[in-house]
Structure formats: structure tokens, C-alpha cells
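What TrEMBL says about this one:
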type     : residues : note
ACT_SITE : ASP100   : active site, charge relay system
ACT_SITE : HIS144   : active site, charge relay system
ACT_SITE : SER411   : active site, charge relay system
DOMAIN   : 510-660  : domain 'P/Homo B'
Amino acid sequence: MQRKFIFLYFFLFQFITGCGEKKLPSLAGDQVNKEENYMRSGSCNVREKSVSTKNLFKEEWFIKNSGSYSYSKLQPMPGIDLNIPLGKYDGTGVNVLVSDTGVDLYHQDLEPNVLPNSSINIMNYLTLKTLENKPDIGVGEESHGTSVAGIIGATENRVNKFRGIAPKVKIASANIISDLARKKNSTSTYALEQEIYNLAARKSIQIINESFGNGAFTFSFFDEWAAAGFSDDIVKNSQKNNNSGFVVVRSAGNYTCDLQYAKKIAEKRGIKEDPFMKLYLAYINAASFSSLSVNQREALNALRPHLSMMDARKEYPYVITVAAVSANGSAANYSSLGSNIWISGIGGGESSTSKNDNIFKFSSEDYGSSAKILTTNISCQKRSKIISNFDEGNLSENKNYNYTSEFDGTSAAAPSISGVIALMLHANSHLSLRDIKYILAKTANKDKLVPNPKPSCIKILERVGNLNSSFASKWDLEWTTNAAGFNFHNFYGFGLADAEKAINLVHNFKSPYANKSSKEKSDKSIELSAPIVSGTSIENIINFTNDIVIESVQITPYINTTKSDGLSIELYSPSNTRSVILYPGNSLIELNPDEKSVQNYPYPVNDFKKNSDKYAGTYLTNAFFEENAKGNWKIVVSNYNSKETVDLKGWKINIIGHDP
């Protein structure tokens, strides 16, 4: 999900349905990135090929990072990349569907890789049921989908050397989140997804990239209809047992330290946008807190990390959810985190602050200084919110606006993983989703990554919030090595993808899932009444009797409290591996009616007796991958509210895995 900046307001994540945040029909809270307005250059010929011989490949640091600046102020740290092997494997024979805004398939670097007659234009498809070769994107289309496609599979340009990660893949598109298309088609996103997934099965699509999702402070996670994942059942069915169905790659979200509520409170309290944003983006430090006004404190108290799993689309175990890493090897400061993350890709942009760096502003780097991703842009269409001379078209190598150097976010990280998977499938076309997830986890690199990220808004909340003073200790969780030897981190998943290591493992790969069908087994506690006062915790154990090797774990706690942002939920496996499922200081808050402060948000899933067979409020964790599930599972629920009580009413667990 690509970040956009309005004045200094960053990573407001919006679904592409018009200016500002809007909702798609029949999917409450479903929102996507909204690019800024664009304009076609009247002097630009969209069919004119680039003639500049400037080598753009060396600026694609996410493929091979030798330290080139990529038109940024700060140099990327050499070696922070996806370790893409250049040569034998290029995605040949792999079909990828970019489900996004419309893709400029006439672009000089995308047209050679078009998958013929396989793209969906939702303005026509549902009535005509016809697929198109290269759909007309229309004037004013956002460039988001075009940028995503370029990362995955732009062909190698012989003149300027630009290329995607897998330059021989075949690309199709589905403009499911196109603003232009949405104006003419009000069908729900889920209905469209079902059409797209069915198409993928018919057209032998192997990878679907989905760089979109819910907005911050929306909780489809608690919505029964969304959490049930009806359209995702098609994904699951395509991958039954160990068959080679299509793989869905999803961006984690851009909501760590989201500003939506803080900005609104500042506005209602008479704080002008520019001074408030400068306070958080540039000026705030340890000495600032003694002089903050009441109004500033109220606004800063609303800065919250919105976990990736709050979007029901991101807690589904049969997809790959991708977090973002910056150019210095840190979790990107926007990248949504959680135990549902599988792998990290390259997203670029500013880095998260760290545990002991004493930095309270939004990032450890200055605003707008860090390297982003160089990728394709809709030809002849100039972006309106730009920073670099490159995107201004002032440099000969981009006079036709064929490229952008300012794409970032988990919208960029997801296609970076889709590209890596395309290389893996070129090396071994028989890999299933389960194989791919295993290989990515087994070969991921944690040593390149900053080990102890801690969001700046949590450090601020320690100073201005109204939670128990010890709440932030839960945020000090670092890498966990589970009993099966896999390293896991809620910011990174299993680590940064390493394409060369993955491809090396693919050769002569013997699947651990051969002749082992995926299975699910569940258990639940008895109905409980376990009050938890401020500053204390309660434990409960479920003895799981099935002998299963874990692929993923889901738990659903039933909790009664009027104030949810002080909740902490942890899960311990029979091997005593710990996974933090929900952090205190979370985004489970809402604006007061006067929008001058935040108010308590009651936990929605609270009736164990009535709802223990429902899907809503089900958390996913990958931390126990390949451990054995048999034995005692322990949930620990902690109350970090200053005075409100919490009552655990019961919980259930679901294990997805296979026989030993």
C-alpha cells in the first residue's frame, strides 16, 4: 500500500474510491490507497520509446543494492536487498495477475509481457463476461497498479537496463480498486474477488498480487461476514492438499503510528495542521513532553499502531501477508505489524524508530529523505505530489514520466515477494502454496535486519497516555526462535526474503508435505468468568490432544471490557514458544462525538456461550511454524488499563497443519 503525503501528513491509507476515505459497496471499511491527482503531459507521446541510455538498473537497489541513491537524499545501506540472482531464472512460464488499479499494459516495459486476453476490466466484465488483451486504463487512472506490475515483471529494457524482479513473467490485470471503474460498477469487492479467483483458476494464473486492504481504525476483523472469508474459500479450494493452485500475496498495511485520529483531534482543538505535523515529523524529543499543551497531548494520545490483522483479509492462513523493510534494513515506519506476517519484502521509505534510540518523531530519518522504489509509472502521466527531479521529468532519463522513484509502502513490498515467488516457480513449477511458504520461511534472512524496532507512537504513549505504566514492556519483544528452529518476529515475519537462497533450496526440493494433506483441528475452553484488574494477568490452558505438525495457529478469545486498548493477549505453545497476539496501546479506540479526544472502544467479541462457533475476532499467528501442537496451550490476557477491568469469558484454538 503506497504512502501518500498531503502537506506533511503521511501514510493515510485509502481505498481508491474517490477523494478522501470512502467505503466500497457491501464491504464496511474496505479502503485502499488513493494516489494524488495526475495530469497527462500534452507534449508527451505515450508510444514514444525511451532513448536515454542512463542505467536505471543500478538505481533498483531492492534487486541488487550496491549503495546507489536511487534519486533520494540518503544512501541505501549496501546489501539490503532481495538478493536476486541475475541470470538463469527470470520468471519464464509464470503467469501473474495484478489485482489493483488499472495497469498501463501499453507501457514500453510492460507490453512485451502481457498475458494475452486475460485481463479483467470491471467496467465491462460482469455484463459482457469477456476478457481483454490490454484494457484501456482511461485518463486519470491512478498509477498504483502500473507501479506494482513493474516491480514484479517489467521486461528488461535494452536501452536503460530497467527491469522487474522476474522480467519474463506474463502479466494480466484486474482493475478491482480503480476509481474510474468503480464509478461505473458498484459490485462488492468480495463478489469481484470471486470472479477474479475463478478466472485465475481458468487461466492458469499462478500468482495474484493484492496491494490493498482496509483503512486504519476500521475493524473488519470483528465482522463475522468478512472474517468468515467467503471469497478466500476459493483461494483455499484452489490449493487443496498439495496441489499447485494460485498463490495470493497481500500487503500487510501502512498503519503503524497512524495519524488519522490525531490529525482530526488537532484540527478540532484549533491546532493548525502544519505545526502539529511538524511537531511529530521533525521536532518532538524527550525534552518536549514537559512543555506540551493539553491539546497537543490529546492529539498525540491518538497516535496508534493499527495491527495488520485488524483487516480480516490479512488474518487468513491460506495467503502470504508481507511486511515492508526500509533501505537501511529496518522495519519501515509505516509497515503494519502482527503475528500474521509471513515474510518481509522491500518497501522503502523511512525506518521505524528502535527500542533504545531515544527518538520520538515518526522516523529515525528525516521526512522524505530515504530511498523509495524505482518502478514503472503510467506513461506521460505526471504525479502531482512529488519530491524528486526525476519524477518532475527534469531529467532526460524520465522525460516521458515512464517511471517513478517515489513508490513505497507495503504496496511495494508485496510485489517484491510476488516477483521472488515467480523466480521460484520458474525453477520448480510444481511448488504448492505450502511449499512456497515453507521455502520462504526456511531461507529468510534476519541477520540483515535491525533487531529491535519500536514504534515512535508507543514511546510517545508511554509519556502522554492513560495506560498502566508498564504496558510498553510488551513492545520490547524481539526475535523468537521456536522449537522447530524457525526465527519469527511480529514486525518481520520470518525475515527478509532471500531469492538466491530460496532458489537454491528449490532445486531437488523434497516437499515436507508430500502425501500429507492439510488438516484443521479445533478445541475450546469451558465458559469462564475470569476478571482481571488493572496491572494484572490471567492464564488459561487448553490441552490439545491431536498430534499435528503446525503450519499456522488461530485463536479466538472472548473478552468483556469497556476499554480495549489496554488489552494484551499472548499465546504459549506446548514447547513454551511465546507469541504476542495483541499489544496494549493498540488502535482499539474511537473518536468522541465532538472529535476532540478518543474514547473507550468495548471489545466486540465477548459472548463465549453465544458465539463460540463464529469466525469474528480470530487471530492468526505464524510463530509456532513446524512445532508439534500436542500438549498444553496457554493464553495469557493482561490488563494494562489504568482502572477499567477485563473479564476473559473463554477462548478457542484452531490448528492448521499435517500429520507428523
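A Cβ is built for glycine as well, from the same backbone N, Cα and C atoms used for every other residue.
All protein chains included, HIS144 (active site, charge relay system) registers 28 other Cβ atoms within 10 Å of its own Cβ.
A simple way to gauge crowding: the CB of SER411 (active site, charge relay system) has 32 other CB atoms within 10 angstroms, across all the protein chains here. Mapped onto three states, the DSSP output places ASP100 (active site, charge relay system) in coil. In the three-state DSSP assignment, the secondary structure recorded for SER411 (active site, charge relay system) is helix.
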